[in-house]
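Per Swiss-Prot, the feature active site, nucleophile maps to Asp11. If you look up Swiss-Prot, you'll see Asp11, Asp13, Asp123 marked as Mg(2+) binding site. Taken from Swiss-Prot, the feature phosphate binding site applies to Leu12, Asp13, Ser69, Arg70, Lys100. The annotation active site, proton donor is assigned in Swiss-Prot to Asp13 on the grounds of a curator's inference. The substrate binding site annotation in Swiss-Prot covers Trp20, Arg70.
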Amino acid sequence: MTRLPKLAVFDLDYTLWPFWVDTHVDPPFHKSSDGTVRDRRGQNIQLYPEVPEVLGRLQSLGVPVAAASRTSEIQGANQLLELFDLGKYFIQREIYPGSKVTHFERLHHKTGVPFSQMVFFDDENRNIIDVGRLGVTCIHIRDGMSLQTLTQGLETFAKAQAGL
């Protein structure tokens, strides 16, 4: 059987949704009567299309999920996770400005999962480099999170575990 990570960690901006929550949209957010999520100005807010399936797949595989975001819009990011009904997937959330290394040190401390047993999905190369130095398997996202990217990430993790 393919080895699975003990923790899958996701950035939020340009990984789960196609914007920066602290600059491109205007919190607070709400869910309209038609079920769409909107910002204060009424702008429609959406996830990348396959994000709910990605998180559901990890849940079905028994892989816990965490968030690691450097946004300064902490309340808005958490609000969006709840409005999109994604909060149920996340066992930990590290959402605050600063180095992603700090986010991962706290995730390690809170979960007990070794860095080598984590996989991390992020759109910013600097975060990939910094977190990769900890021994985390890092996957650089280019066009938002998708099932294909998840599959590639899990394969990369399994190969790293096998020493390939």
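Each Cβ is built from the backbone N, Cα and C atoms, and glycine gets one as well.
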Fill in the blank from the handout: One residue among the recorded positions Asp11, Asp13, Asp123 has the fewest other C-beta atoms within 10 A of its C-beta, namely Asp123
Fill in the blank from the handout: All chains considered, the count of other Cβ atoms within 10 Å of the Cβ of Lys100 (phosphate binding site) is 26
Fill in the blank from the handout: Residues sitting within 8 A of the centre of the Asp11, Asp13, Asp123 CB atoms (Mg(2+) site), not counting those, run Leu12, Tyr14, Thr15, Leu16, Ser69, Asp122, Glu124, Asn127, Ile141
Problem - Candidates Asp11, Asp13, Trp20 (recorded positions) - the one closest to Lys100 (phosphate binding site) by CA - result: Asp11
Handout entry: Candidate recorded positions Asp11, Asp13, Trp20, Asp123, pick with smallest Cα gap to Ser69 (phosphate binding site)
Key = Asp11
Fill in the blank from the handout: Three-class DSSP assignment, Trp20 (substrate binding site), comes back as coil
Problem - Which binding-site residues sit within 10 Å of Asp11 (active site, nucleophile) - Cα, from Trp20, Arg70, Asp123 - result: Arg70, Asp123
Exercise for the section: Using Trp20 (substrate binding site) as the reference point, find which of the binding-site residues Leu12, Asp13, Arg70, Asp123 has the shortest Cα-to-Cα distance to it. Expected result: Asp13
Completion exercise
In all the protein chains shown, the tally of other Cβ atoms within 10 Å of the Cβ of Ser69 (phosphate binding site) is 27
Exercise for the section: Would you identify the secondary structure of Leu12 (phosphate binding site) according to DSSP, in three states? Expected result: coil
Fill in the blank from the handout: With the fewest other Cβ atoms within 10 Å, the residue among the binding-site residues Leu12, Trp20, Arg70 is Trp20
Practice task
Could you tell me which three-state DSSP class Ser69 (phosphate binding site) falls into?
Solution key: strand
Exercise for the section: Tell me whether Lys100 (phosphate binding site) sits in a helix, a strand or coil according to DSSP. Expected result: helix
